Amino acid sequence: MDVNPTLLFLKVPAQNAISTTFPYTGDPPYSHGTGTGYTMDTVNRTHQYSEKGKWTTNTETGAPQLNPIDGPLPEDNEPSGYAQTDCVLEAMAFLEKSHPGIFENSCLETMEIVQQTRVDKLTQGRQTYDWTLNRNQPAATALANTIEVFRSNGLTANESGRLIDFLKDVMESMDKGEMEITTHFQRKRRVRDNMTKKMVTQRTIGKKKQRLNKRSYLIRALTLNTMTKDAERGKLKRRAIATPGMQIRGFVYFVETLARSICEKLEQSGLPVGGNEKKAKLANVVRKMMTNSQDTELSFTITGDNTKWNENQNPRMFLAMITYITRKQPEWFRNVLSIAPIMFSNKMARLGKGYMFESKSMKLRTQIPAEMLASIDLKYFNESTRKKIEKIRPLLIDGTASLSPGMMMGMFNMLSTVLGVSILNLGQKRYTKTTYWWDGLQSSDDFALIVNAPNHEGIQAGVDRFYRTCKLVGINMSKKKSYINRTGTFEFTS
């Protein structure tokens with residue numbers, strides 16, 4: 001029998017009818033299986049956005065690395081990661097000019113925090129890549145394992161010390177010729193159960209000592225494990241998120257502390273505040289734009305979305321920002337803060353568990369671990385997977401993919417917000433030196449942009465200039481997903 005779809009809704013209140021197409025009701029989708037495919041997508045896409053960069057080889061790990069910095073200037077509207085160092089530094093300088101003393105004050109605050117933070121700060125957080133076991137563990141366990149291994153290798157780490165001392169150990173560990181770790185392994189054997197007389201699989205867990213040479217250790221220290229982001233609504237495709245190991249975490253924490261301190265002083269930053277305070281900030285920006293605009297002026301707001309924000313950001317750019325922000329600070333402080341972006345420039349993405357294969361005819365299932373993707377015959381894969389593997393092969397080392405460009409999800413939210421705000425800051429009339437000007441709010445990859453101008457041409461010119469300025473620092477405003485309204489009606493980080 002044919003069902004007329006409109007009949008289905010006749011007896012249904014409008015509210016309920018809407019909810020059938022609305023992604024926020026019911027159970028959120030969870031992902032099952034391995035995230036290997038999604039991670040390969042991320043790695044391949046990130047390289048594609050930076051493909052015109054320069055290839056080099058990391059002398060320590062042998063990993064091929066792509067550096068898009070100061071790459072070709074954009075000629076089209078395709079998303080790209082070719083940030084120009086001088087443009088980023090210029091934007092930082094203007095940000096400081098608009099907020100005298102902001103960087104120095106934030107550095108002083110951060111310096112104090114750096115000297116007081118204890119190691120146990122790193123036990124906060126969920127799943128963390130545990131480099132000693134090469135898999136995810138709760139943060140506290142991963143930290144304990146790292147400290148235990150450090151100690152047995154002659155470093156001075158302890159669980160109650162300062163974080164900065166632990167980070168000194170991390171630095172020393174990277175200079176060591178080899179690191180000895182204790183790994184766990186499973187033995188399976190088939191035995192007959194005495195009671196039921198059936199065959200059962202018995203598992204025993206053993207421990208064995210393993211030596212990692214410098215190269216293997218560095219690869220693990222620079223590895224971000226990947227998982228599939230769960231419970232994302234309104235999306236057809238899942239995506240991969242990263243969980244860094246303990247060597248990287250402490251350094252990232254200090255960088256984000258500094259960036260958070262800067263964001264707190266910026267009226268255009270939607271972080272670190274949330275909820276009502278964020279709405280209040282937005283209201284203030286709108287009020288400022290309305291108050292300062294002449295009656296004859298037009299005001300439009302863009303609810304913006306950036307294309308693949310973190311895949312087009314670049315750690316080398318963050319290094320340049322940090323170098324500039326901390327330029328008047330003591331050497332030790334500058335060094336501690338520059339390590340996170342340097343590690344990210346040399347990061348490796350772990351491809352997860354690999355692929356499941358099953359043979360219908362023989363009722364067999366087997367897992368192909370990520371380590372085998374470099375050598376396995378591609379005839380076993382379908383076409384799309386085959387293309388992915390072919391693309392990623394030159395980047396593979398020990399089941400991890402070299403991923404120099406891009407940031408991975410959720411890593412430097414605060415610092416990337418500072419970069420976004422620095423472009424919003426350039427919209428002041430004294431900088432644009434024309435009839436249009438802009439302001440807005442930035443919260444990680446989300447932004448609201450308000451443009452004022454005497455006429456529609458001016459608005460268009462202002463939006464264009466904002467778009468192009470963003471391009472120069474590796475931010476790609478999505479022309480498909482951003483929409484423009486009269487100021488007063490728009491959405492920001494729903």
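The first residue you see is number 1, and the count goes up from there.
From the backbone N, Cα and C atoms, a Cβ is placed for every residue, glycine too.
Swiss-Prot annotations:
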- 50-82: region 'Disordered' (REGION)
- 55-64: compositional bias 'Polar residues' (COMPBIAS)
- 187-195: motif 'Nuclear localization signal' (MOTIF)
- 203-216: motif 'Nuclear localization signal' (MOTIF)
- 249-256: region 'Promoter-binding site' (REGION)
- 286-483: domain 'RdRp catalytic' (DOMAIN)
Helix, strand and coil residues within the motif 'Nuclear localization signal' (187-195) as assigned by DSSP | 0 helix, 6 strand, 3 coil
Residue counts for the region 'Disordered' (50-82) under DSSP, helix then strand then coil, are 0 helix, 8 strand, 25 coil
Do any residues of this chain, six or more beyond the ends of the motif 'Nuclear localization signal' (203-216), have a C-beta under 8 angstroms from a C-beta of it, and if so which?
-> 60-62, 176-188, 398
Tell me, what is the mean pLDDT of the region 'Promoter-binding site' (249-256)?
-> 97
Secondary structure of the motif 'Nuclear localization signal' (203-216) by DSSP, residue by residue, totals 3 helix, 11 strand, 0 coil
